[in-house]
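Take a look at the structure set out below.
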Amino acid sequence: MAEPNSKPNTTVFAPWTDPDAVPLIRFRNVTKRFGDFTAIDDLTLDIYEREFFALLGPSGCGKTTMMRMLAGFENPTEGRIEIGGQDMANVPPNLRAVNMMFQSYALFPHLSVYDNIAFGLKRSDMPKEQIPDRVNEMLRLTRLERFAKRKPHQISGGQRQRVALARSLAKAPKLLLLDEPLGALDKKLREETQFELMDIQEKTGTTFVIVTHDQEEAMTVASRVAVMDAGVIKQVDTPPAIYETPNSVYVADFIGDVNLIEGTAAKTGEHAYEITYAEGVDPIKVTECEHEIAEGAKVTFAIRPEKIVVTQDPPEDRANAMQGKIIDIGYLGNLSTYHVELPGGQMVKATMTNASRISRRDYTWEDTVWLGFRSSAGVVLSE
Amino acid sequence: MRRLSWFNATSLTIGFAFLYMPMIILVVYSFNESKLVTVWAGFSTKWYGELFRNEAFLDAAWVTLRVAVFSSTLATILGTAAAYVLVRGGKFFGKTLFSGMIYAPLVMPDVILGLSLLLLFIAVGLDRGMLTIILAHTTFAMCYVAVVVSSRLVSFDRSLEEAALDLGCTPWDAFRSVTLPIIAPAVVSGWLLGFTLSLDDLVIASFTSGPSSTTLPIKIFSAVRLGVSPEINALSSILIGFVTIGVITFSISTKRAVVRRKREENAVM
Ligand SMILES: Nc1ncnc2c1ncn2[C@@H]1O[C@H](COP(=O)(O)OP(=O)(O)OP(=O)(O)O)[C@@H](O)[C@H]1O
Ligand SMILES: [Mg+2]
């Protein structure tokens, strides 16, 4: 189940499963307080070399703070951070092989686009005559050749973001921190840049830590995703694992669309349970539940809308079938989302691909339909 | 353009007459042929010629100019450094007190400032001369510089410095190649302000000057006590010219910098 992100290489990249692998970054019980406010709460985390590590979480949960501690602008109040086995406590930002792309871009307003990108190179040990080549390469990569001579205030928001990206990439650092690097780009350019980033990573072996508000982006680029909430990491896993087997209601709800059905659990066999959620209807049958659940415990059953099929007649090949009434249909072009009300008043969303034209569909608003899903389609969450 | 109402036009005229009449009279009479200040005897520039042959005045002017340049330069360096520490130094013990104290010399009467400096110079056995005037002027001009520069630094985006550090600058390199170029207009304004203040200071200079070094304002003041001569008028007119140019340059450069910064920041934010 916990398959790593599908990468074109043949050997599976999953150093976090290897007990002998040495992490590049180690957070050890790191706490960061600003006055009384705890921005990061007792964080322990390993990030491995060549990883593309994505941080997801609501605004203010401490993502930027984590980045700033890695870059050296903030010191942990408690705990320690190691990069490449070295304790970073007293290493100033300029001596860290880390570059950061700032959320606010922080472009130098008095320097041209070209000089912004060259800024770090001029202060590295790169020979002077190689700098123009490197800068031009970066300009090409971010498609900024035409704007090389302009000042930051003479270019658009998306172009500025690309300058910031180019500037942080230019030194080819061991560790690159990207704080919402692609937010201001249009969809097409964003997708291209995502692939560009993955390509750069394949080529240079740079480790990326990326903050994003875009789940799709995290799913596309990341080797692992961390979901944060109020200074705490709720779950770290590969994108498929985060999506398919969230460990808490919070994560399930945060990532993608989900139906949450509350009920009580009863054990029916090895890794198998029944969840009773309403009077007078069949309980939900669950198999392949990896963790142990106490008899009669209050749990939440979580299932993704696309794992539920909507049919006119009772589904025969699904372990679970429930009858309900269509309240609303959300038409999204390729997909439709059906909002179905179960007898107990519980609302369930089900997503179906629009295989046939909308006018040819057998059911519509107010119709009674069947919802079906497999016993392994959802997860039982006790938290 | 909207026309001013009758009332507003009158108040404006009276107000400005009050402000500028004395100076206009002074400038006009500096071109007077007659030696008598109060009697107009036709246009002449002879007092300007006379002035430029007067060694004592020329010496004083030369002293004043050097004092102004040195003290404002020194004040700019010290004031910028002070502003930087107060705005950027993070929290340190007594920071609020220091920030408040930087303003104190701005409101302190010149007499007290001059007197205390005089006492200090006597105490440390420093002979009064050009050096002591420079030190004294540096003392009060640096407060003005610190105020001008720190107000610029407060609105300066901290992450620019962090970005510079991140890209491999030492803190000093970051200051020199990022912070300083961006705050340069404020630093230049501070320098001009210090220069102008030093040019026309009489009180502090008279406490701290020695017999060998007299500044122009002191010279004028003592000459006037023996009677106003057209020569003094000519000299004062030149001074007015200098100060006016200084003040205008200061305000234009400040205004320009503000406009440009607004534009850049609007664009970057
Ligand atoms: N210097 C500071 N002083 C006090 N509080 C701070 C400071 N920096 C950050 N915080 C607080 O710490 C919390 C985490 O901030 P952080 O910038 O890491 O959030 P974030 O996850 O990056 O949010 P966003 O997605 O909006 O960028 C916030 O509640 C913020 O108000
Ligand atoms: Mg942030």
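Each Cβ is built from the backbone N, Cα and C atoms, and glycine gets one as well.
Taken from TrEMBL as is:
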type	residues	note
DOMAIN	B:61-251	domain 'ABC transmembrane type-1'
TRANSMEM	B:12-31	transmembrane segment
TRANSMEM	B:60-86	transmembrane segment
TRANSMEM	B:98-124	transmembrane segment
TRANSMEM	B:130-154	transmembrane segment
TRANSMEM	B:174-193	transmembrane segment
TRANSMEM	B:234-253	transmembrane segment
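Against the transmembrane segment (B:60-86), stretch B:130-154 has more CB pairs under 8 A than any other of B:98-124, B:130-154, B:234-253. Counting residues 6+ beyond its ends, the transmembrane segment (B:234-253) has Cβ neighbours under 8 Å at 23, 26-27, 30, 47-48, 50-51, 57, 185, 188-189, 192-193, 195-196, 199-200, 216, 220 in the same chain. Under the criterion of 3 or more C-beta pairs below 8 Å, with sequence separation of 6 or more, the transmembrane segment (B:130-154) and the transmembrane segment (B:174-193) qualify as touching.
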